[in-house]
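**Student:** Pulled the feature table from Swiss-Prot, pasting it below:
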BINDING   Lys22, Asn23  phosphoenolpyruvate binding site
BINDING   Arg102, Arg131, Pro132, Val133, Asp134, Leu135, Asp316, Ile338  UDP-N-acetyl-alpha-D-glucosamine binding site
ACT_SITE  Cys126  active site, proton donor
MOD_RES   Cys126  2-(S-cysteinyl)pyruvic acid O-phosphothioketal
Amino acid sequence: MDRIRIIGGNKLHGTIPISGAKNAALPLMIAAMLSDETLILDNVPRLADVALLQRILGNHGVDIMAVGKRPGDHEYQGQTLHISAKNIIDTTAPYDLVSKMRASFWVIAPLLARMHEAKVSLPGGCAIGTRPVDLLIMALEKLGAELSIDAGYVVAKAPGGLKGATIEFPKVTVSGTHVALMAAALAKGTTIIANAACEPEITDVADCLNKMGAKITGAGTPRIMIEGVSKLHGARHTVLPDRIETGTYAMAVAMTGGEVQLSGARPELLQSALDVLTQAGVTITVNNDGIKVARNGAGISPVTVTTAPFPGFPTDLQAQLMALMTRAKGASHITETIFENRFMHVQELARFGARIQLDGETATIDGVAKLRGAPVMATDLRASVSLVIAALAAEGETMVNRIYHLDRGFERLEEKLSACGATIERISG
């Protein structure tokens, strides 16, 4: 199993290109199943999750051709994907594939919308909280689907097709909004999604669907309206830049000091996180090529943050911020409101010498003068990269184990950091 070895203490200087957003690329790939024509997606990140979803879609008969593959890239896909779902041969998504990634459960929406039936295993993925699929099932039932759970599978049928309806989520759900959006695109009549998620990735998927002929308005607001159409056609769409990757590298620069240009980043996608970094004493400069992040000489100031749905501070940057605050001059407080059980990185950060106390949903981080390298183990995608951030500033050597989590969500992380002066290498085997 691969590991990453880091020798801390180097400031970061240079340019890091920001990849396409994983959290947009995955639903966009799934949305391609709504049409029998080809969807071309540009700026798709080369990630393990993208490769896994390609296998899952291939199981249904979807043909995906990767263009721009680099020499030696056997696992990851190219930056441009040509996706053709002309012939869907199977409406069952098996456990052995779906159990590896929760987002793959979303195939239930295009299968129901286009084929009027689906049998999809209950999902897997990062072990963060329970993340029940109840809200997704509720949304599909509102659209007229008949659903039951049989031996670990959700069995869904809509013999007469899906019908437009009002779907009001009791709480904001990104997964539920994605599923409702895709299913309603081909439903008969008008669908209203109330209390919809406002994340930029939702807007990106809606923009792509509109290019394919859907009639969607209000994406990016809590109220989305979809007028169903009978057919969607092919299109070409560029995946928006990854705001979580942007924030992650910004915090890495803040942690080590130095100055890095985040090329292709869009500040409006993570303004809340940039505001928090500014409060912490980091210099953020927006320019034509993205965002420049710098911390030269000044210490890190403590902050108090509560995670929230967009446009609030993203839960997917909570672990990275916690790593940064381990070096702050004073006590910081981070409250997690989106997912339960999302403090699994605390125990591993403590191995560096971090001082963190948990009280329910709130972590109090007392900054320390030094972190020391240690062997650590990644527990999930975002927690794993928080360990990398800590290691970059720690004295001595850190070995990060179980880095397959990193490969799920960060494209060429060690290459990007190494190019900016970090001493970091992947050790295979």
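Backbone N, Cα and C define each Cβ position, glycine as well.
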**Student:** Name the residue among the binding-site residues Lys22, Arg102 whose Cβ has the smallest number of other Cβ atoms within 10 Å.
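**Tutor:** Checked Lys22, Arg102; of these binding-site residues, fewest Cβ neighbours within 10 Å: Arg102.
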**Student:** Which number gives the other C-beta atoms within 10 angstroms of the C-beta of Ile338 (UDP-N-acetyl-alpha-D-glucosamine binding site), all protein chains shown included?
**Tutor:** 21
**Student:** Can you check which residues sit near Asn23 (phosphoenolpyruvate binding site), meaning Cβ under 8 Å from its Cβ, same chain, 6 or more apart in sequence, and list them in order?
**Tutor:** Val174, Glu199, Glu201, Asp242, Ile244, Asp316
**Student:** In whole Å, note down how far the CA of Lys22 (phosphoenolpyruvate binding site) lies from the CA of Val133 (UDP-N-acetyl-alpha-D-glucosamine binding site).
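**Tutor:** Roughly 20 Å, rounded to the nearest whole number.
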**Student:** Please report the distance from the Cα of Ile338 (UDP-N-acetyl-alpha-D-glucosamine binding site) to the Cα of Lys22 (phosphoenolpyruvate binding site), rounded to the nearest angstrom.
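**Tutor:** So the alpha carbons of Ile338 (UDP-N-acetyl-alpha-D-glucosamine binding site) and Lys22 (phosphoenolpyruvate binding site) sit roughly 19 Å from each other.
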**Student:** What kind of secondary structure is Ile338 (UDP-N-acetyl-alpha-D-glucosamine binding site) part of, going by DSSP in three states?
**Tutor:** coil
**Student:** To the nearest Å, how far is the Cα of Leu135 (UDP-N-acetyl-alpha-D-glucosamine binding site) from the Cα of Lys22 (phosphoenolpyruvate binding site)?
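**Tutor:** Just about 22 Å between their Cα atoms.
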**Student:** Which is it, of Val133, Leu135: the one of these binding-site residues whose Cβ has the most other Cβ atoms within 10 Å?
**Tutor:** Val133
